[in-house]
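Scroll down for the structure; my scribbles are underneath it.
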Amino acid sequence: MMQLGVCYYPEHWPESQWQSDARRMVELGMTHVRIAEFAWSRMEPRQGEYDWAWLDRAIDVLAAAGLKIVLGTPTAAPPYWLCKAMPQIMAVRADGKPWRFGSRRHYDLFSADYRRECARITTAMVERYGQHPAVVAWQTDNELACHDTVPSYSDEAKVAFQGWLAAKYGDINKLNTAWGNVFWSMEYPTFEAVDFPVQTPTDANPSHLLDFRRFLSDEVIAFHQLQADILRQHAPGRDVLHNFMGLFGAFDHYQFAKNGIDVAAWDSYPLARTETQALPEEEKARWARTGHPDISAFSHDLYRGVGRGRFWIMEQQAGPVNWAPHNPVPAPGMVRLWAWEALAHGAELVSWFRWRQAPFAQEQLHSGLNLPSDGFSPSGEESLRVGKELRQFPATASKAKAPVAMMFDYESLWYCDIQRHGASFDYQLHLLAWYSALRQLGLDIDILPRDADFTGYALIVAPTLTVADLPLVEKVSKSDALWLFGPRTGSRTRDFHIPATLPPGPLQAVMPIQVLEVESLRPSLRPQTRIAGQAGAAERWRENVRPMGEVEVLARFEDNWPALLRKGHVQYATAWFEPALLKHWLAECALEAGLEITHLGAGQRLSRRGDVTFAFNYDAQVWLAPVPMDAELLLGKAELGQGELCAWRE
Amino acid sequence: MMQLGVCYYPEHWPESQWQSDARRMVELGMTHVRIAEFAWSRMEPRQGEYDWAWLDRAIDVLAAAGLKIVLGTPTAAPPYWLCKAMPQIMAVRADGKPWRFGSRRHYDLFSADYRRECARITTAMVERYGQHPAVVAWQTDNELACHDTVPSYSDEAKVAFQGWLAAKYGDINKLNTAWGNVFWSMEYPTFEAVDFPVQTPTDANPSHLLDFRRFLSDEVIAFHQLQADILRQHAPGRDVLHNFMGLFGAFDHYQFAKNGIDVAAWDSYPLARTETQALPEEEKARWARTGHPDISAFSHDLYRGVGRGRFWIMEQQAGPVNWAPHNPVPAPGMVRLWAWEALAHGAELVSWFRWRQAPFAQEQLHSGLNLPSDGFSPSGEESLRVGKELRQFPATASKAKAPVAMMFDYESLWYCDIQRHGASFDYQLHLLAWYSALRQLGLDIDILPRDADFTGYALIVAPTLTVADLPLVEKVSKSDALWLFGPRTGSRTRDFHIPATLPPGPLQAVMPIQVLEVESLRPSLRPQTRIAGQAGAAERWRENVRPMGEVEVLARFEDNWPALLRKGHVQYATAWFEPALLKHWLAECALEAGLEITHLGAGQRLSRRGDVTFAFNYDAQVWLAPVPMDAELLLGKAELGQGELCAWRE
Amino acid sequence: MMQLGVCYYPEHWPESQWQSDARRMVELGMTHVRIAEFAWSRMEPRQGEYDWAWLDRAIDVLAAAGLKIVLGTPTAAPPYWLCKAMPQIMAVRADGKPWRFGSRRHYDLFSADYRRECARITTAMVERYGQHPAVVAWQTDNELACHDTVPSYSDEAKVAFQGWLAAKYGDINKLNTAWGNVFWSMEYPTFEAVDFPVQTPTDANPSHLLDFRRFLSDEVIAFHQLQADILRQHAPGRDVLHNFMGLFGAFDHYQFAKNGIDVAAWDSYPLARTETQALPEEEKARWARTGHPDISAFSHDLYRGVGRGRFWIMEQQAGPVNWAPHNPVPAPGMVRLWAWEALAHGAELVSWFRWRQAPFAQEQLHSGLNLPSDGFSPSGEESLRVGKELRQFPATASKAKAPVAMMFDYESLWYCDIQRHGASFDYQLHLLAWYSALRQLGLDIDILPRDADFTGYALIVAPTLTVADLPLVEKVSKSDALWLFGPRTGSRTRDFHIPATLPPGPLQAVMPIQVLEVESLRPSLRPQTRIAGQAGAAERWRENVRPMGEVEVLARFEDNWPALLRKGHVQYATAWFEPALLKHWLAECALEAGLEITHLGAGQRLSRRGDVTFAFNYDAQVWLAPVPMDAELLLGKAELGQGELCAWRE
């Protein structure tokens, strides 16, 4: 499926406008519309007084036009009367003060009362619309974790954390041992003694922080699951989903998805994401109007894995937004390109945010397909074109298994967050760097959890996998694919200890080395090495490694410490390599793994879906896409200016 | 009138020194002295126990020397006993904690009790000195809003805010509609439900923020007005004033002035202001010892408008100060130049801060005309020279109406503060850029409120005027002057909505365009255009505009979006232009408006008062001022080194 | 004595490992081992239940191996049960919230209850081990002031502060006068009225801040002294010490040492200290793997003075650490070099932190001599070499009196902290700059307090000594050494007033000048001068000085203000000179003082102990150390690569 949709807020507009809106959506080629996810104050204006009439009519109008509806539960923004009646549902900041009412996400997700209220409104809503033929999917809440709203430092949350720890460890002495609390006399007599790991005079214990992250993740999942279960009960056969954000790591999305969703949906804002991510300034400058060429693709490939093959774009950027430090207008063509790119990466649905820019309130400078005065915005014109193109585009199979698998691991992200060691070590940036290098070789990538089935992949990469456990090691040893591990892999146990045999711990079974010491590199420190003829530097992170036994040192730094080690079909990179060096090494590896590579520039990308290949040009220079002589051009032409794309079938 | 004065703190010095101080002030040519504005603890050492004796004697000594006295009410620094007796008068920080005693401006201006205390001390003071023949003017408080002390997050302030909203909207549903509270279910059932728009998990509603800014402004004005009314009642015929700061926008100075003051006085610190303003680093470096050539002049012209022609410098920098990140000594001549510059811009009085540098407490490194050990400081020597020169200077009329009017609008400042969209969009910097360009063309400028009478001006500019209302549009359409509008003009309604017809809203009657989308530009994004032959870039902000009907596109950006539009005598700039481009365009416009322009360098300025023209050189290079052949040189000579000035009459 | 030691945490390791650890320490050549300073939760697992058994055994094992033991009191980390039983012992943050349990240094040192508990555990510990023959020294607490933990904003601390003020001033009017509280009506009626000088809307009174700093310093000293007195009573003949940190200025170490310690011990972490200090970026880059060549030496020379000749390194960096923004691995040789450097500067003992890297908790990435898996780390190998070398090294006398004395004054540091005036004025950086210049002339330096005996020094320098009092002036006038004073010397009275005769106040008796005004210089302002033929600039700070009487102006700035003044054997520098200029001037002065100088590069240093001269090379280039022809080479060779050293006896 390759379908289009849009986010719509009937409550923002006069009812008289709904019909023409619905008609124009359909004309544009849209099949789906998401509504209602912030409308609690309209569904239940006063405690217990439901007003469904307006929503009934909105659904009727949209359904009558032939649109499929995604309904959102409104729990991301509890209305005033609820916050007033139950002040205990307001989340508490680290300074002990509750957040104030007047925006969104002010609720405490650890509040039993709030969960009860969420269950109530969700039940009421799904009892009314769960069987409606036009309502094909349900979204819970909205962008969980956005604005850093997962933690709440309320007493209720603290008790829940203590309970979580008690359930995990059973005996407080086990916790004390696991956390190494003998250090600095941090030993606790009971679980009730454990506080939040914040506002300590110096660093809290990393094991304490890690368990807190795990607890938070579990609670976010439980918060969602409560609604998901209700929705499934009352709306059988409908897709349940939540709209994730790109590069959010506050909870384990794989765990979240396991029982919680039918399709992974995410909200894609390439420009603001590029501007706010910790990318080098020259990258931000270069891609200011296009977004970094991998910033969305990375999440597409990640969420395709999270959704076990099924993913949607629930909100797709449609013009300039309002929430980055600077918010430029996208380069011409990008709104179209982003939509096609998502589809090329396997999206079933691309749904733009939003139908029409609201002229009031917080997001008035967040554009839409239509101007506040109605009529298409410049970006809206591009969406029209996508609609037309898609109508003529042949049916395309799902995205096939890629030749390369990359491991993304939320726990590794938390370990690295808690213990950056160097200010510049960012887990997601590290993965993005590897991803980008591989994508510049023309390769498709599946991003997968550590416990995935990796059979069938020719090249499997783990830029950092903090805990290397025995099941993984077994997979590696039984595999004949090429496995590449990056620094910090196997560097910790699940309790956040350095492994007794030193890093990479259990991975030593297939990569017999010992990491003796690690260093974080200030920007001025750039140890030099040479890999397969290519000179280059380490940045940000390096490890001093001692080879054990039969391991081969493929490259060394000037000071003789190994840069790259190999044993059979396993390689270990001891450092964060600068981009050109990384790309060169990965190209060598891809060739060794028997993969066909295409050297692309920084701004060109290829992506395959079914038997169709797509080519995208983010760059200012014109690019002649590698369309084979005998290929059938399905879209565009081979010569691509900035923001252009083509697609062909061989 | 062109007079000199000084700020003096008799309570800081032994009484034995007062007489010689007074004598030396008069010798220097001073006519005015401001005293008493921080002396509450000396006027009323214990609750209800007044001690006027020392102040009687101080006033007597100064008056006997022939000085006119400006008396300040001491309410900027309530003494300890008052704060102890009434803890509710301490302002509350956003985190809910009251400020601590031990500096100044710790009071809560929303406190009814504190206002009562202010009325009491003011009444007591003015009953005693209101009719004193030497007391010619009264200042209320000191630098209202300094140190960001307007808001207080006390319960009393909250109730006042709710009352203000109730008075404005009458019906809570009107507020909900005006603010667009349907967005994110932010609807309130009552006015009592509305909280401060701070400490929300993400952005508060901009309409909420704007009403809060308006409320704060009204309250500052009311706080002052209470004292002003008492002063006027008991001190008839005396000038009432408050000492404003340069570039402070926490309250609407025009509204403040309307019934509140007789003369606009302000405190001018060019070096610290240049260092702390968000100017580009190269500007800060270039003008570190002189101050930016427009930083004071801009406020002179603004406050002349605020005072409807009458303005004073209540505090003029006299040497290095202590409150910027770095505090250099002014270049030789600058203390003299700044004084003459203020007079050239129409000041009736220039009063230095302060007579003598106090060797103790917070401002011990804030210099004065005299050293702590007594005797003139290096800057004091320059004040001596000003005194001598002024004695020989012919009587000069007031500043005449300038050929150019610029609109400064406090509400526009608040809109832009609340919704910068791009980190680099600063309303005052934007106006300063236009002001600076016009002043480098040798033009005098009147800075005026939106509701001023603009008849008689040849060129009227509004770099940004967020709300373009019908009265203004009517003025434009009836005028035959040249009107220039900059970006973001007409971009919002008074409720902080995007106008229904898109920006510039009602201005479309005279400038028929629609702003389709806006972008904030990171420093690396510089769209290129060409205006009247001059190539240049947009910076910080750009709008994508659709011309409607008969509008003429005078310039386009490389990507074809209009840069400059014209219809008849109205032009609209769609972007923040880089300085050279802006100056070039404004020069063209000035010529078209029939104005005579003089191309000046970055550091040279001309200013006319009555029939006298002054020339000032801020620059390191020597400048030959354009003194006409037949002019009568009143001061200095045409060849001007840095920090030098001359004046002539034609 | 030149001895080696190590920090050891038996409680972190299985008891079975203790014996081999002890054996290997001795093999390495260690004589000392420090233990127990964080083990309160193991010494007293529950209130009043002591468990000494494990510590008895640990001491026995170490003593049996021949090691001398330094025992630490565990008061830096009160265990949970104590914090629970006495919540009033938790320190309070400026926002009024107590710190949370879960790291270290969470206690309120102003808490009488906590002091009682500290006395109790110290007494219990020293009663048990005070007479143990192997326990040769006692350390109190750990790194007092670390993590900025001196202040606590508790009510108990406030009452203590008020009491301290009452004791100092007796009469509140004296305080009001001393602080200049007439300014801004800050006068207090009683001592109970005085609050903490924080969270005021703008700057608190500098006199208030200074007395608060003095109070905090006194309290830290009293906190330590309480334990020191108990230790001395029960452990007669043992050394009492505390492990200071480098460049910590929260308390007056000279006062601390006066009755509090027998030897000054400090913790030396050259890399993290270089990274975190406010050094210029190019210096941080250059010395990232070696540490700045003076960063440790400066503290060696300071603490040798604090300890009246006796100092130890209690913790010496042994490989990469974890607490700077970036944490590189030291360059090869540095772990050895740092140890020898400390010994060359007179250390009796160099004790590495730590024997073995713990694989758990907060400092798991803080390396040790041994890997977590046991076996020497790369740095451990270097310690082995030091052990071997030291065994063969001849007995060496203590460090002799140096030819140069530099005054370091904690009160001056506080004055400058409180009143930087310019963001870039850092007292310690200023002293370090002078120190570095002198050390690049090959000179040894004694760093001494203002009240030291300076007889016998040829050159005495005070880069900044804020208060110049009469005893000092008397010393200067009676001396025939060359005295050099830098800017801000004599600039304040003890009450934080500008002296009545202007700065340098009483120093005018020997340096008759007046500082008329001062300026802090933004980086772009660099006034030029020329000293003894060398052109150069002032940076950060300059004073405009008027010579009085017979003073000679040795150098002037371009604008004619004096740069350097001289009267007889006293010189006064009016500015912070850039490094090359400073070095050139100091070289001239050293020659004039009759000292022999050796021009060294930025990375080479000489240090003399007894009759032995050591040479150290921090630089990447090879350096031929100035070993005299007839010298006896005791260690290494004259040609030194980076991280190498040699030593010789003439």
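Cβ coordinates come from backbone N, Cα and C, glycine included.
TrEMBL entries are annotated by machine, without manual review.
Annotation comment: TrEMBL describes B:E143 as active site, proton donor. Using a 10 Å Cβ-Cβ cutoff, B:E143 (active site, proton donor) registers 20 neighbours.
Secondary structure at B:E315 (active site, nucleophile), as computed by DSSP, is strand. Neighbour list (B:E315 (active site, nucleophile), Cβ cut-off 8 Å, at least 6 residues apart, same chain): B:C7, B:N243, B:D267, B:S268, B:Y269, B:S351, B:W352, B:F353, B:R354. According to TrEMBL, the active site, nucleophile annotation covers B:E315.
According to TrEMBL, the feature substrate binding site maps to B:R104, B:N142, B:W323. Under the three-state DSSP scheme, B:W323 (substrate binding site) falls in the coil class. For B:W323 (substrate binding site), the number of other Cβ atoms no farther than 10 Å from its own Cβ, over all displayed protein chains, is 17.
Look at TrEMBL and you will find B:7-392 tagged as domain 'Glycoside hydrolase family 42 N-terminal'.
Look at TrEMBL and you will find B:402-595 tagged as domain 'Beta-galactosidase trimerisation'.
Separating the Cα atoms of B:R104 (substrate binding site) and B:E143 (active site, proton donor) is a whole-number distance of 11 Å. Proximity to chain C (Cβ-Cβ distance under 8 Å) holds for the following recorded positions out of B:R104, B:N142, B:E143: B:R104. Annotation note: B:R104 (substrate binding site) sits in a coil segment as assigned by DSSP. Counting only same-chain residues at least 6 apart in sequence, those with a Cβ under 8 Å from the Cβ of B:N142 (substrate binding site) are B:E37, B:F38, B:G72, B:A76, B:A77, B:R104, B:N243. Across the structure, B:W323 (substrate binding site) and B:E143 (active site, proton donor) are spaced 15 Å apart at their Cα atoms. In the predicted model, the domain 'Glycoside hydrolase family 42 N-terminal' (B:7-392) has a mean pLDDT of 98.
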